[in-house]
């Protein structure tokens, strides 16, 4: 499942993030690449653990903690500290799959990458190219979203970023370890939760069908979740 999550950051928050990012020192994006990714990747990246990355990453994680749609879809157990990249002048990232395990350098913190997230920090009309293209059995799905919006997709997916031929594409990217490892199970829970919320809005939280379906949701979560 590929999901668009609008308004993770407000426009004011995006502007504040960009002020910090535009003043920061950027490095070769291959500093965090695995062997396969290094063959396909050409971009710039904010060094892991830099003061700018930590400050903006904390703001993003605070915003995610308040985002009900993100929680419902991801059921997050761990979130890898957000990283940041920029593409310009023909930069691109060829087709690849993300590493299964992400280790935070200098620590014992590690995340199983069940989900990948890209949070856009530049408006789509400010650059040409730079589309995130995610492949699945139904074809290729493209994302080039407004600044502050995020796309969430299975980390097991083949994906690439098309060349940026005008302007620059700036984004945050990170990985989530979900309480529910299996993508199909997680998607089913998300669909069920969405319907429960809609039914609650129509009939109220005391309706018998709402109570019954909520019980089913939690029993499925209890069966599938690692916490």
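Going from the start of the chain as shown, residues are counted 1 onward.
Glycine is treated like the rest: Cβ placed from N, Cα and C.
A coil conformation is recorded for residue 98 (Fe cation binding site) in the three-state DSSP classification, outside any helix or strand. What Swiss-Prot records for 96, 98, 159 is Fe cation binding site.
Marked as 2-oxoglutarate binding site by Swiss-Prot: 169. According to its DSSP assignment, residue 169 (2-oxoglutarate binding site) is in a strand.
The domain 'Fe2OG dioxygenase' annotation in Swiss-Prot covers 78-178. In this model, the domain 'Fe2OG dioxygenase' (78-178) carries an average pLDDT of 97.
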> Using DSSP, how many residues in the domain 'Fe2OG dioxygenase' (78-178) fall into helix, strand and coil?
Replying inline: 3 helix, 56 strand, 42 coil
> Could you state the CA-to-CA distance between residue 169 (2-oxoglutarate binding site) and residue 159 (Fe cation binding site) to the nearest Å?
Replying inline: 17
> Which of the listed binding-site residues (96, 159, 169) has the least company, meaning the fewest other Cβ atoms within 10 Å of its Cβ?
Replying inline: 96
